Amino acid sequence: MEDDPDLQFLLSGAGLVKVRSSSWKKTRFFKLQEDCKTMWHESKKTLRSKQTFSVEDIDSVRSGRQTEGLKKYTEEALDPRVFSILFKGRRKNLDLIANSEGEAKHWVSGLEKVIFNLSNLSHWIYNCLRKADINCDNKMSPQELINFLHDINIEVDDEYVQMLIEKCDQSKCGSLEGEEIQHFYEILTQREEIDVIYGAYAKTEGMLSAANLLDFLQKEQKEQVDLSYAAQLIEKYEVDETGHYSLSMTKDGFLMYLHQPEGLIMNPAHKRVYQDMQQPLNHYFISSSHNTYLMEDQLKGPSSTEAYIRALMKSCRCVELDIWDGSDGEPVIYHGYTLTSKILFKDAIKAIKEYAFKTSEYPVILSLENHCSVEQQKLMAHHMTSILGSALVTKPLGDHMPTELPSPEDLKRRFLIKGKRLNKLEEEDCRDDEEESEKNLSGKSKTLKLAKELSDIVIYCKSVKFQGFEHAQTHQAFYEMCSFKEGDAFKFAEKSAFEYIHHNVDKLSRIYPSAFRTDSSNYDPVPLWNAGCQIVALNFQTPGPEMDLNQGLFGQNGLCGYVLKPSYLRDKASEFDPITLTRGPWLKHKELHVMVISAQQLPKVSQKMASVVDPLVRVEIHGVPADETEKETRHIQNNGFNPMWNENFQFDLYVPELALVRFVVEDYDAVSNNDFIGQCTVPFTSLQNGHGNIHNMWKNGLQHFVHFTVHSFQLL
């Protein structure tokens with residue numbers, strides 16, 4: 001990228017107007033530092049020590065007026081010149097105005113290129129080498145090599161560094177330059193485990209012929225494929241012309257294959273929608289958010305339309321809106337009776353409409369927590385019908401009276417409203433009340449708590465109070481649904497799992513966190529999925545094991561936000577009980593064998609120079625109680641760059657369709673709790689047999705680039 005005009009612009013820097021409010025818009029100078037991974041910016045607060053941020057902390061860059069702040073505080077005419085930098089975690093966005101449209105394009109394009117290249121192992125190492133060359137003489141002294149190795153997360157002693165220099169120093173000058181540095185790089189990035197596998201199968205003049213590759217695919221990957229498939233892989237991933245000509249795969253081509261979807265631990269077929277999407281909504285687990293508008297805690301944190309955008313971009317398909325009367329007649333969203341900030345209801349609906357179907361075409365449920373007066377409820381209904389338009393479901397689908405909920409396929413790109421609905425008697429009272437008011441303006445009329453206009457757009461998700469399983473079976477219609485607070489839901493899942501499962505076969509259930517979780521923490525969703533609960537709402541703004549499991553479950557099926565429940569959670573005749581595990585078709589004993597092989601480029605937990613991780617890997621099984629267990633490797637001392645474990649584990653699973661496999665990497669600490677480095681969660685049914693890679697691990701709810709290699713296979 002050295003000659004790239006966008007990069008050169010970032011390195012030179014330019015003035016940008018930083019936007020915080022309608023009255024706070026100030027020009028600051030921004031530039032990319034020479035390490036190509038740190039942004040420096042001018043600050044008028046001279047006492048502030050930190051005037052930089054890492055490019056690695058950027059989640060995304062959005063051009064145009066796409067954030068709440070820019071929409072509120074800038075004019076539409078500025079759209080070509082404005083952009084926003086969105087950070088990982090809870091850090092506030094940077095809303096910026098460039099001097100011209102051209103400069104805005106340089107900033108956005110340049111930052112996107114730098115972010116992409118930082119995820120590339122070779123480019124990352126190159127930048128670390130440049131940074132380590134303190135005196136810029138294009139040579140690497142022993143001390144500079146030690147600094148470089150610290151930067152890439154390897155702790156070594158002076159003797160090892162001297163050994164590396166002697167191995168690469170052809171000029172015998174005590175330092176490395178030119179091709180010697182290239183040789184050093186090749187030693188550093190050598191993948192011993194790949195060399196072993198490649199050497200075992202490369203039987204044709206030191207390369208993998210199509211027949212050799214087929215042998216590997218059938219024996220190691222357990223794939224039922226033929227010779228033509230192996231030949232297609234060579235044509236697709238071989239990087240050497242000689243290999244293409246001889247239809248053979250070099251080691252570089254083999255490594256390229258392992259880093260592609262075919263070589264990942266997750267079945268690539270499950271990366272797209274592969275399940276039947278034409279069953280009733282109640283037959284699916286649905287990715288769901290609680291108090292979606294909050295960016296932080298439940299007491300004083302900010303509310304923002306950005307929170308809805310982030311949840312929807314993660315394929316959340318049920319979002320919550322907590323609506324109260326606004327002082328100027330416009331309904332607002334916030335956590336009532338707290339110090340959380342407020343946003344306009346109509347702004348949230350606009351954001352939801354714009355982002356609802358960017359990652360998934362399947363329906364979005366708007367769960368209304370309605371605290372408004374009748375007048376402002378009418379305005380709510382008006383905003384939803386006018387903004388969402390024909391995408392809003394306002395009447396049952398089809399020409400006949402339905403007897404079950406429609407399917408996700410039937411409802412593609414549609415919005416459903418979950419809320420209360422007037423019964424027929426209340427509707428009559430509503431009409432009578434309106435007529436009485438027209439005839440006698442001075443007369444007092446009956447006080448209604450629900451506007452008919454709002455009631456009329458609740459079609460398939462009518463909120464009703466739970467009055468027991470027996471009452472629900474005889475009195476609750478298919479379009480009526482109950483919400484359960486966390487404590488009640490867990491009690492039912494543990495003590496009345498059989499009845500709860502039968503309730504959830506043909507009715508939707510929504511679970512929400514306890515009111516005592518003021519820090520926006522989450523509960524374990526797995527026991528509730530085991531009981532067939534569809535809408536298990538979590539605080540999406542709070543990363544942790546619970547959200548890891550949620551992202552793991554919904555990472556399959558094309559990230560569409562809907563996952564088909566196993567057949568025994570959809571069948572009224574089912575006798576499945578996740579606690580007692582009575583015999584039935586759900587008992588499918590499987591052995592999972594996992595070999596944790598190696599990792600590359602693990603991030604540092606601390607950015608201090610002397611900090612190098614001691615990584616270990618834990619493999620966890622989450623599912624029915626009989627399946628839940630965990631096992632972990634030893635820790636590798638002082639090596640986060642290319643640790644190797646080569647450790648084998650075996651797990652016995654009895655209900656594999658409900659099992660999630662979570663790979664956790666931690667920095668070992670002998671005197672305190674281990675530090676979390678990253679994790680990846682995959683449904684057991686989506687695991688791919690054989691040698692597989694994990695390229696991205698999740699930390700704080702966001703992806704980090706990591707190479708992580710395991711070998712897994714399943715036995716009946």
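Heads up, the Cβ atoms here are built off N, Cα and C, so glycines get one too.
According to TrEMBL:
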DOMAIN    10-116  domain 'PH'
BINDING   18-45, Lys418, Lys420, Ser483, Arg510  substrate binding site
DOMAIN    120-155  domain 'EF-hand'
CARBOHYD  Ser171  O-linked glycosylation site
ACT_SITE  His290  active site
BINDING   Asn291, Glu320, Asp322, Glu369  Ca(2+) 3 binding site
ACT_SITE  His335  active site
DOMAIN    454-570  domain 'PI-PLC Y-box'
DOMAIN    573-699  domain 'C2'
BINDING   Asp614, Asn638  Ca(2+) 4 binding site
BINDING   Asp667, Tyr668, Asp669  Ca(2+) 5 binding site
*For Lys26 (substrate binding site), the one of His290, Asn291, Tyr668 that lies nearest, given that the recorded positions are compared by Cα*: Asn291
_recorded positions near Lys418 (substrate binding site) (Cα-Cα within 10 Å), from Ser171, Asn291, His335, Asn638_ = none
*Based on Cα distances to Phe30 (substrate binding site), point out the closest of the recorded positions Ser171, His290, Asp322, His335, Asp667.*
Asp667
*Among the binding-site residues Ser22, Asn291, Asn638, which residue has the largest number of other Cβ atoms within 10 Å of its own Cβ?*
Asn291
*In sequence order, what residues of the same chain, 6+ apart, have a Cβ less than 8 Å from the Cβ of Glu369 (Ca(2+) 3 binding site)?*
Glu320, Leu321, Asp322, Ile323
_I want the residues beyond Asp667, Tyr668, Asp669 whose C-beta is within 8 angstroms of the mean position of the Ca(2+) 5 site's C-beta atoms, in chain order._
Val605, Val613, Asp614, Pro615, Leu616, His635, Glu666, Ala670, Asn674, Asp675
_Ser22 (substrate binding site) and Asp669 (Ca(2+) 5 binding site), distance between Cα atoms, whole Å_ = 48
*For the Ca(2+) 3 site built from Asn291, Glu320, Asp322, Glu369, further residues of that chain with CB within 8 A of the site's CB center*: His290, Thr292, Tyr293, Leu321, Ile333, His335, Ser367
*According to DSSP, how is the domain 'C2' (573-699) divided among helix, strand and coil residues?*
6 helix, 62 strand, 59 coil
*Out of Phe30, Tyr668, give me whichever of these binding-site residues has the highest number of other Cβ atoms within 10 Å.*
Phe30
*Determine how many residues of the domain 'PH' (10-116) DSSP places in helix, in strand and in coil.*
34 helix, 37 strand, 36 coil
_Give the mean pLDDT for the domain 'EF-hand' (120-155) on the 0 to 100 scale._
73
*Ranking the binding-site residues Glu320, Asp667, Asp669 by other Cβ atoms within 10 Å, which is at the bottom?*
Asp669
_Within its own chain, what residues at least 6 apart in sequence put their Cβ under 8 Å from the Cβ of Glu42 (substrate binding site), listed in sequence order?_
Arg28, Phe29, Phe30, Gln51
